[in-house]
Amino acid sequence: MRPAAPSTFGRSPSGASGRDLRLDLFRGLALWFIFLNHIPNNVVNWITNRNFGFSDATEIFVFISGYTAAMVYGRELERSGMIVTSARILRRAWQLYVAFLLLFVIYLAEISYVVGSFSNPLYAEEMGALQFLAEPNVALVEALMLKFRPANMDVLPLYIVLLATFPAVLWALKRRPDLTLGASFLLWLAAGHWGINLPAYPDDRMWFFNPFAWQFLFTFGGWCGLGGSDRLAGLVHSRVVLALATVYLLVSLLVVVSWWWSPLEGLVPESVGEIIYPISKTDLAPLRLLHFLALAVVVVKLVPVDLPALRSIWLRPMILCGQHSLEIFCFGVFLSFAAHFVLNEVTGTLAMQFALSGIGIVLMISLSAMLSWYGRIEREIAARRHR
């Protein structure tokens with residue numbers, strides 16, 4: 001009898017609690033990549049995955065967020081019922097909304113201070129804050145409606161909308177998972193084909209991350225988190241699928257390299273380019289989605305759930321960052337602008353680029369370690385009270 005294929009993700013022996021540490025590991029990695037990508041003119045961001053294929057850290061973050069949300073709230077739904085679970089999901093969405101507003105205020109204060117102190121309005125233009133400086137009363141109202149967002153803040157409003165609508169999605173996934181995933185897929189197709197999106201501010205703009213498109217990756221993550229990954233295990237671990245995924249990753253690597261390396265400029269024929277371009281990030285273009293799926297197949301093969309390195313001290317910092325994703329993302333936004341300022345106003349040398357990138361990641365690790373310590377102390381106090 002043929003042995004069953006190993007589980008792709010899910011409950012596992014990775015951590016002491018049975019949590020699949022790969023989820024935290026790669027979400028932490030995505031947060032590091034997002035931080036590095038948000039620093040302009042930084043050579044270190046060449047190590048991030050956006051330079052080696054069609055997808056980038058955003059796909060990793062959204063998929064894992066959907067996966068973990070389904071696992072956590074799916075168990076809560078079984079214990080407490082739909083009303084309590086929905087209330088807790090919406091409370092988390094509210095917490096994200098409050099975090100967005102706090103990030104918005106502090107981030108704009110940071111930008112405004114730099115613009116005023118150094119008499120350089122280009123910072124406001126670069127960071128998408130010109131509208132706020134021109135008409136702050138209007139910009140603040142638009143921000144409350146998630147329509148106005150300075151640069152580097154687009155992921156958080158997307159996550160807020162996805163989580164706010166998740167009670168209905170979770171209910172549907174628990175009852176008709178395949179039908180729900182199919183409906184989500186059709187909505188993704190419709191959003192890309194007809195340009196369905198939410199309006200942004202100023203009025204001629206739309207959301208950078210189209211929630212009608214990106215909801216599919218979030219829902220797919222949720223579908224996997226509720227058992228879909230086990231159903232896909234045989235397919236994911238197939239040698240044929242692994243070979244196809246590897247070939248696709250290599251082809252996409254060559255295409256991306258051809259964008260900036262002159263010897264490969266003619267790699268993509270003009271007729272093919274007319275078909276595949278633009279590879280829209282806003283609408284989660286099919287080539288981006290396929291690239292992420294191919295990457296996931298290869299990563300699942302290379303990083304099995306029982307990999308000893310997942311419990312090593314070397315990967316612990318990345319895992320900690322992944323376990324405190326909201327705080328680390330917000331902190332990374334502040335740090336990336338501070339690094340951008342230093343590179344512009346102090347020195348932009350290669351050594352400074354490496355130093356600021358490294359210092360930023362160390363600070364993110366330090367914050368995650370502090371949050372983890374504080375959470376552990378709170379749990380110990382709560383446990384003593386219930387004795």
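For all residues, glycine too, the Cβ spot is worked out from N, Cα and C.
In TrEMBL, annotation is done automatically, which means it is predicted and not curated.
Features reported for this protein in TrEMBL:
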type     : residues : note
TRANSMEM : 21-40    : transmembrane segment
TRANSMEM : 52-73    : transmembrane segment
TRANSMEM : 94-115   : transmembrane segment
TRANSMEM : 155-172  : transmembrane segment
TRANSMEM : 179-196  : transmembrane segment
TRANSMEM : 208-228  : transmembrane segment
TRANSMEM : 240-261  : transmembrane segment
TRANSMEM : 289-314  : transmembrane segment
TRANSMEM : 326-343  : transmembrane segment
TRANSMEM : 355-375  : transmembrane segment
* Structure fact -> The recorded stretch from 52-73, 155-172, 240-261, 289-314 sharing the largest number of CB pairs under 8 A with the transmembrane segment (326-343) is 155-172
* Asked: Is the transmembrane segment (94-115) in contact with the transmembrane segment (208-228), using three or more Cβ pairs under 8 angstroms as the rule and ignoring pairs under 6 apart in sequence?
  -> no
* To do: Sort out the residues at least 6 away from either end of the transmembrane segment (240-261), same chain, that have Cβ-Cβ distances under 8 Å to it, and list them.
  => 51-54, 267-268, 287, 290-291, 293-295, 297-298, 301
* To do: Would you confirm whether the transmembrane segment (289-314) and the transmembrane segment (155-172) meet the contact rule of 3 or more C-beta pairs below 8 angstroms, pairs 6 or more apart in sequence?
  => no
* the transmembrane segment (21-40) and the transmembrane segment (355-375): do they have three or more Cβ pairs under 8 Å, with pairs 6 or more apart in sequence? -> yes
* Structure fact -> Residues outside the transmembrane segment (94-115) whose C-beta sits under 8 Å from one of its C-beta atoms, at least 6 past its ends, are 121, 123-124, 127, 129, 132-133, 143-144, 146, 149-150, 153, 156-157, 159-160, 163, 326, 330, 333-334, 337-338, 341
* For the transmembrane segment (155-172), find every same-chain residue at least 6 residues outside the stretch whose CB is under 8 Å from a CB in it, and list them. => 34, 58, 61-62, 65-66, 69-70, 73-74, 77, 82, 85-86, 89-90, 92-93, 96-97, 99-100, 103, 146, 149, 179-180, 183-184, 198, 207, 209, 211, 214-215, 218-219, 222, 329-330
